[in-house]
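Here is the structure we will look at, set down as structure tokens.
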Amino acid sequence: MHFSKVAAAALAATVAYAHGDHGDNLADAASEAASSASSVVESATSTSVVKSTFTPTSLKAPFLEQFTDDWESRWKASHAKKENDKSESTEEWAYVGNWAVEEPSVLKGMIGDKGLVVKDKAAHHAISAKFPKKIDPKGKTLVVQYEVKLQDGLECGGAYLKLLQENKKLHKEEFSNASPYIIMFGPDKCGATNKVHFIFRHKNPKTGEYEEKHLNNPPMARISKTSTLYTLIVHPNQTYAINIDGEQQRNGSLFEDFAPSVNPEKEIDDPEDKKPETWVDDARIPDPEAKKPEDWDEDAPYEIVDEEAKQPEDWLVDEPTMIPDPEAEKPEDWDDEEDGDWVAPQVPNPKCSEASGCGKWEPPMKSNPAYKGKWTAPYIDNPAYKGVWAPRKISNPKYFEDKSPANFEPMGAIGFELWTMQNDILFDNIYIGHSVEDAAALAKETFDVKVKAEKAEEEATKPKEEEKPKSPSELTFKDDPVKYVRQKIDLFVTIAKNDPVQAIKFVPEVAGGLGVLLLIVVSVLLTLLGNSVNAPSQEQIKNAAKKGKDAAIDAKDKAAEAISTGAEKAQAEVQKRTTRASAQ
């Protein structure tokens, strides 16, 4: 009997016996063994990324949000109508998007860590949280920091926040796009537009009106399914910095890097000053005294025939440039009476490519040395030139000088007011305060830890590059556990078909595993073959099952050993980070 048939018969006998009166222990053992064997593959192929467990920070700030279980006591979703300047507000402009606080569904970097999540696609979302008390950044450093996780990417939409102006309306009305803000900061992408906004509203000290000041050269947003940390720092010396993932991307002056500028020009063009009609602003003119030479021939052609050219010696005058395709055949369904006489399609004559050319030879063209083209007078300096005209300058009646635009007005709340085509945008670990060091410490105990785990999982789960298949003798268990086991079994079966003894010698690891199985199967077969042989006792069945289970556990332990060293190192690193964070 072939080996494959023996194995099939043995397996069938085992299953049949498991359904009998004496099969409970054997079935249980087989089930446990199968479960253990399954976990071998799972353990070997799963990602050994060690993840920390979320613990709320002990740091303090004017506003610090980690979306713990009491988050609903601070945050309120808005269902107001979005104001639309072009037409009356309708239901499609209402904030109908839902929010939730939940753990990430993609690349979870920390166990138990939750964030605020945008739940609906192509919908307007608005939610806000009032500060325990207003934040007045006058004379202080202002730090705004938060995490963004684009779990479904970002093709078109915003993920920015707004720091809302402290006023009476803020505490009475629902948050919307009409709620006045002081600072808008964060990523925004749609099509070719990709930037991290930094906009602040500046109050004109003369008129009392507000004007948005936009950063001229904002950095690009990072579009990734791993968490990204955005940090804005505004110093009382009127400078700013924007960091992404802890690295500085932009820095500069509030006076120089924003449009329109904070302070208007001292002088402006006089709107009443007009350019005189007699003003000459042509620096050069055609020479009025120049005349076309008498021998100037404007009609001479640009090119003429090269009379000195000679026909190449190998030019094939009698050969046509195109010939009927010698390989073409008349279609079988061609009907001369209906379709006419069949003519083969034309193809380039191969003889022409082997010579200088074919057919009638004609001399080539060459540049005409007598060609001059249309005559124009040369240019000279204009003696009447007065220079480029510009209106005279006058004092700007709207001029003012704000020497400290970083003294932003007090802020009373934070809000996310967004429209996006993608859902599952997650926000977490929001810090708004005055300490650069505290914001960095928060990032160290949250973002730095989770993003490391996220990137490790992303790297481990990305599709592997196709490699040249290894032979069973070259492949190791660490390379690919599933493929390794499959190849070993296939190799054993192939050899055993011709010579079972050689199969046992060449692939002993498979033979050993099958030996345990056969030990159980033999006991079962002895019972089924007749009453002349005593059936195995319950104790014998238990012992055989135990051997099978122990063999599976031993295989699992060996698989786990292959990855244990890396896992232990990763766990030690996490423990080290956690200990340092606690000490701080």
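Cβ from N, Cα, C; glycine included.
Nobody curates TrEMBL annotations by hand; they come from automatic prediction.
As written in TrEMBL, here are the features:
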{"type": "COMPBIAS", "residues": "272-294", "note": "compositional bias 'Basic and acidic residues'"}
{"type": "COMPBIAS", "residues": "295-306", "note": "compositional bias 'Acidic residues'"}
{"type": "COMPBIAS", "residues": "330-341", "note": "compositional bias 'Acidic residues'"}
{"type": "DISULFID", "residues": "CYS156-CYS190", "note": "disulfide bond"}
{"type": "REGION", "residues": "256-358", "note": "region 'Disordered'"}
{"type": "REGION", "residues": "454-477", "note": "region 'Disordered'"}
{"type": "TRANSMEM", "residues": "510-529", "note": "transmembrane segment"}
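Take the CB of CYS190 (disulfide bond) and look out to 10 A: across all protein chains shown you find 14 other CB atoms. The DSSP breakdown of the compositional bias 'Basic and acidic residues' (272-294) into helical (H, G, I), extended (E, B) and coil residues amounts to 0 helix, 3 strand, 20 coil. In terms of DSSP secondary structure, the region 'Disordered' (256-358) contains 8 helix, 19 strand, 76 coil. Long-range C-beta contacts of CYS156 (disulfide bond), restricted to its own chain and to partners at least six residues apart, with a cutoff below 8 Å, comprise LYS189, CYS190, GLY191, THR420, MET421, GLN422.
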